[in-house]
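Engineer: What follows is a single structure, and I will ask about it in a moment.
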């Protein structure tokens with residue numbers, strides 16, 4: 001089988017086409033990452049006018065800081081909850097809508113609505129519903145004797161930010177899962193049904209293996225979302241409290257750099273977070289993707 005190779009009239013045209021993306025990558029990714037790495041090795045004054053090379057002292061101080069270690073483990077727990085809860089809930093709804101025959105369009109539209117809501121607005125929405133004094137959900141919980149106050153209870157605060165973050169991401173995951181389920185040939189599903197496989201067995205033995213590549217893609221995307229894009233939710237809902245119970249690494253970087261004006265510590269934390277995400281992504285690509293098999 002012969003391979004097709006595009007031929008350009010000018011040898012500079014391919015480089016010209018790639019140039020805009022390269023410029024964007026350098027300006028918005030490589031340059032900031034390089035500056036963060038440089039500042040992490042410096043002792044910088046609060047206004048950034050003077051600096052002194054200190055080597056790895058910022059990293060040593062970082063891992064001797066109990067508050068940073070708490071934020072590190074909070075990030076791991078928070079990211080795991082957001083990633084796996086979001087994937088499971090989205091897959092469940094996608095499977096239900098795929099199974100529904102009548103009113104499918106209505107449910108699809110309903111599931112996509114949260115994606116149009118900004119993260120900070122989503123957090124404020126759920127704060128109103130979980131307001132300890134006037135919230136509709138807290139009033140309902142109070143009828144069963146459960147007191148809710150996420151401003152004082154660290155477990156409830158964590159639940160609130162996880163819940164709001166998952167709700168915001170459901171639409172994105174649903175869109176990909178539903179499209180993947182719709183792409184499965186109906187003939188395969190009908191053949192499995194004729195062989196006596198029920199809906200649940202068809203899902204686990206047929207549909208789930210066939211959408212494994214999409215599941216892997218969403219696993220990586222949701223992990224990055226939990227690490228970085230949940231900052232507005234945490235800032236609007238709990239501001240990292242109570243007692244730093246919901247302070248993740250990305251929120252601690254913001255607080256150290258923009259509130260505390262400790263640019264060196266903030267840069268060192270950024271570098272650690274960057275390498276952590278890179279390591280997790282590489283592990284997923286090497287070990288999780290290798291498990292993707294069709295049955």
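Using the three backbone atoms N, Cα and C, a Cβ is placed for every residue, glycine included.
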Engineer: In terms of membrane topology from Swiss-Prot, residue 10 and residue 140: same side, yes or no?
Structural biologist: no
Engineer: Given 47-67, 110-130, which one carries Swiss-Prot's transmembrane segment label?
Structural biologist: 110-130
Engineer: Which one of these stretches, 137-157, 158-178, shows up in Swiss-Prot as transmembrane segment?
Structural biologist: 158-178
Engineer: Run through the topological domain 'Cytoplasmic' (102-109) and tell me, per DSSP, how many residues are helix, strand and coil.
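Structural biologist: Counting residues per DSSP class in the topological domain 'Cytoplasmic' (102-109), I get 6 helix, 0 strand, 2 coil.
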Engineer: Give the residue counts of the topological domain 'Periplasmic' (131-157) per reduced DSSP state, in the order helix, strand, coil.
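Structural biologist: The counts are 12 helix, 0 strand, 15 coil.
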Engineer: Kindly report the helix/strand/coil residue split of the topological domain 'Periplasmic' (33-80) according to DSSP, in that order.
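Structural biologist: Counts, helix then strand then coil: 29 helix, 6 strand, 13 coil.
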Engineer: Can you name the far-off residues of the same chain, 6+ from the ends of the topological domain 'Periplasmic' (229-262), with a Cβ under 8 Å from a Cβ of it?
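Structural biologist: Same-chain contacts beyond the ends: 46-47, 67-68, 70-72, 74-75, 78-79, 82, 118-120, 122-124, 126-127, 150-155, 157-158, 160-161, 164-165, 168, 269-270, 272-273, 276.
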